[in-house]
Amino acid sequence: MDITTTEIYHDGHHTPHGWRRWLFSTNHKDIGIMYIIFAVFAGIVGGLFSLLFRLELAMPGGTFLNHDFQLYNVLITAHAVIMVFFMIMPALFGGFGNYFVPLLIGAPDMAFPRLNNISFWLLVPAFLLLMGSAFVDGGPGTGWTLYPPLSNLSGHPGAAVDMAIFSLHLTGLSSILGSINLIVTIFNMRAPGMGLFKMPLFVWSILVTAFLIILAMPVLGGAITMLLTDRNFGTTFFKPDGGGDPVLFQHLFWFFGHPEVYIVILPGFGIVSQVISTFSRKPIFGYQGMIGAMVIIGFVGFIVWAHHMFTVGLSYNALIYFTAGTMIIAVPTGIKIFSWIATMWGGSITFPTPMLFSIGFIILFTIGGVTGIILSNSALDRVLHDTYYVVAHFHYTMSLGALFTAFAGFYYWFGKISGKQYPDILGKIHFWITFIGVNLTFFPQHFLGLAGMPRRIPDYPEAFAGWNMVSSIGAGISMFAALYFVFIVFYTLKYGKDCPNNPWGEGADTLEWTLTSPPPFHTFETPPHIEG
């Protein structure tokens with residue numbers, strides 16, 4: 001072999017240094033770490049945006065943003081897109097998925113290391129495009145749903161919405177490539193003796209999520225491409241004057257959008273299964289039922305999309321079907337909730353930070369699920385659609401659901417990733433500040449919604465002022481908690497104690513706890529053999 005090949009061959013056998021290690025990285029651990037850092041950064045930005053419009057909504061009068069209501073809508077749009085595509089998906093699916101799936105199945109790395117590299121680096125230009133769009137032609141004030149005619153040229157002349165569309169194209173491509181990589185890795189690179197039904201539930205959750213992404217993301221890509229041609233090339237997919245229909249866009253968007261919310265939460269389900277099993281010192285209750293529940297959630301999630309559209313004039317039969325289908329999703333979700341509770345039942349439970357976040361997740365996600373059952377009624381949704389009741393519902397499942405699972409996973413695995421263990425008391429303080437802050441933010445929104453306050457409005461009658469003030473105070477507390485979390489990370493990296501191979505004791509029995517903390521640059525060069 002010539003000199004360059006030899007250099008490249010040997011280059012992979014020691015840890016590279018400097019910026020090249022990160023920019024050119026094909027190592028699943030480094031890429032996972034970059035995903036997590038990116039997600040924390042994006043989460044702070046998205047959180048600051050939400051704080052801005054919560055300050056606007058703290059009292060009636062529309063004074064904080066100086067009556068710039070387009071800016072208000074741009075902040076709403078950016079907050080949603082950042083939190084979904086640049087915070088929670090990169091953290092749970094990209095970050096923990098990339099870092100821990102190979103470790104949990106005993107694989108040396110991902111199946112396609114270079115594909116892994118571009119999956120991450122596509123997110124950076126996507127994020128820059130989205131941020132840039134806010135400064136062009138007044139920004140995209142469409143909401144993350146991009147409904148025409150508001151997102152058409154009539155509603156948004158200028159390049160802002162086009163930039164947002166390209167941003168979504170890139171982040172969708174990133175997710176699809178990452179999904180292909182993870183599916184091939186899980187199917188082809190498991191250690192000898194590890195059958196599919198011996199994999200940890202986190203790996204199963206990532207596998208189901210990857211299939212959802214591959215099936216859902218291209219539909220979003222198609223819908224926003226049609227919107228792009230409507231805006232720039234004279235097509236009329238969504239313009240009634242040319243025989244198009246704006247409701248078609250809603251069908252296409254939500255055919256992606258509903259699986260998307262399960263894409264967001266399923267990896268979190270997997271993390272919670274690992275954490276609760278570890279700190280209950282018991283195997284998870286109903287392992288195969290848990291897998292079945294995730295698969296059923298993934299499947300049914302694709303056939304209930306129009307429950308987001310109960311007020312657009314669907315036929316009576318469609319309303320009945322989508323109401324019933326949506327309610328059915330509560331069954332596999334209930335299986336998971338009760339299996340987690342059954343895992344804890346009779347266990348020898350300890351309550352470190354990851355366990356607190358997992359139990360907090362179960363409580364809050366259940367509240368979000370109950371309001372979801374209420375909203376699944378098309379008759380009740382006539383009243384509640386596009387009110388703050390809906391905002392409260394999906395933030396209880398995403399902001400208090402998926403986010404709590406991300407924190408649970410972070411505190412569970414941070415010692416393994418960094419080699420430094422955080423002081424548990426700091427994590428517990430973070431949990432309680434977050435728990436109080438997010439509940440103070442979103443619980444009053446149920447009352448506002450039931451009283452009739454619409455979503456996505458910058459000003460409101462004085463009757464709604466009280467609960468809005470409470471909600472805004474909660475947002476401030478939550479933002480403080482997020483900054484406190486960043487402090488904990490830096491404090492731990494500088495002053496944390498060295499983390500042992502297995503800081504959690506006998507309950508932690510998956511493969512990653514057999515490695516050093518942090519794991520070596522290359523792991524499982526000789527595959528482990530799984531017994532039993």
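Yeah, the Cβs are placed from backbone N, Cα and C, and that goes for glycine too.
Counting only same-chain residues six or more apart in sequence, the Cβ atoms lying under 8 angstroms from the Cβ of His395 (Fe(II)-heme a binding site) belong to Gly368, Val438, Thr441, Phe442, Gln445. As annotated by Swiss-Prot, Fe(II)-heme a binding site applies to His79, His395, with the evidence given as similarity to another entry.
Long-range Cβ neighbours of His308 (Cu cation binding site) (same chain, at least 6 residues apart, Cβ-Cβ under 8 Å): Gln250, Trp254, Gly257, His258. DSSP assigns His308 (Cu cation binding site) to a helix. Swiss-Prot lists His258, Tyr262, His307, His308 with the feature Cu cation binding site.
For His393, the entry in Swiss-Prot reads heme a3 binding site, with the evidence type similarity to another entry. Under a cutoff of 8 A between CB atoms, and with a sequence separation of 6+ in the same chain, the neighbours of His393 (heme a3 binding site) are Gly368, Thr371, Gly372, Leu375.
The annotation transmembrane segment is assigned in Swiss-Prot to 33-53 (among others).
Annotation source Swiss-Prot lists transmembrane segment at 74-94 (among others), citing sequence analysis.
Feature annotation from Swiss-Prot assigns transmembrane segment to 95-115 (among others); the stated evidence is sequence analysis.
Under the heading transmembrane segment, Swiss-Prot lists 118-138 (among others), citing sequence analysis as support.
Per Swiss-Prot, the feature transmembrane segment maps to 163-183 (among others).
Among the features that Swiss-Prot reports, transmembrane segment is placed at 252-272 (among others). The list of residues near the transmembrane segment (252-272) in space but at least 6 beyond its ends in sequence, with Cβ under 8 angstroms from a Cβ of it, reads 84, 88-89, 92-93, 96-97, 145-147, 200-206, 208-209, 212-213, 215-217, 219-220, 222-223, 226, 294, 297-298, 301-302, 304-309, 336, 340, 358, 361-362, 365, 394, 397-398, 401-402, 404-406, 408-409, 412.
The transmembrane segment annotation in Swiss-Prot covers 284-304 (among others).
Annotated transmembrane segment per Swiss-Prot: 318-338 (among others), in sequence order, evidence recorded as sequence analysis. Sequence-distant contacts of the transmembrane segment (318-338), counting only residues of its own chain at least 6 positions beyond either end whose CB sits under 8 Å from a CB of the stretch, comprise 269, 286, 289-290, 292-294, 296-297, 300-301, 303-304, 306-307, 310, 362, 365-366, 369, 372-373, 376-378.
The feature transmembrane segment is assigned by Swiss-Prot to 355-375 (among others), with sequence analysis given as support.
Annotation source Swiss-Prot lists transmembrane segment at 394-414 (among others). Distant neighbours of the transmembrane segment (394-414): 36, 39, 83-84, 88, 91-92, 96, 99-100, 261, 264-265, 267-269, 271-272, 274-275, 278, 352-355, 357-358, 360-361, 364-365, 367-369, 371-372, 420-422, 427, 430-431, 434, 438-439, 441-442, 445, 485, 489, 492, 504, 512; these residues of the same chain sit at least 6 beyond its ends, with a Cβ under 8 Å from one of its Cβ atoms.
Residues or ranges marked as transmembrane segment by Swiss-Prot: 431-451 (among others).
Summarising the annotation, Swiss-Prot assigns transmembrane segment to 473-493 (among others).
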Worksheet item: What is the number of other Cβ atoms found within 10 Å of the Cβ of Tyr262 (Cu cation binding site)?
Response: 22
Worksheet item: Non-local Cβ contacts of His307 (Cu cation binding site) (under 8 Å, 6 or more apart, same chain)?
Response: His258, Phe322, Thr323, Gly325, Thr326, Leu375, Ser376, Ser378, Asp381
Discussion item. I'd like to know if the transmembrane segment (74-94) touches the transmembrane segment (118-138) in this structure, counting it as a touch only when three or more C-beta pairs sit under 8 Å and are separated by 6 or more positions.
Written reply: yes
Fill in: Non-local residues, at least 6 beyond the ends, that sit with Cβ under 8 Å of the transmembrane segment (431-451)
54, 353, 356-357, 360, 364, 371, 384, 387-392, 395-396, 399-400, 403-404, 407, 463-464, 467-468, 470-482, 484-485
Fill in: His79 (Fe(II)-heme a binding site) CB neighbourhood, other CB atoms within 10 A
20
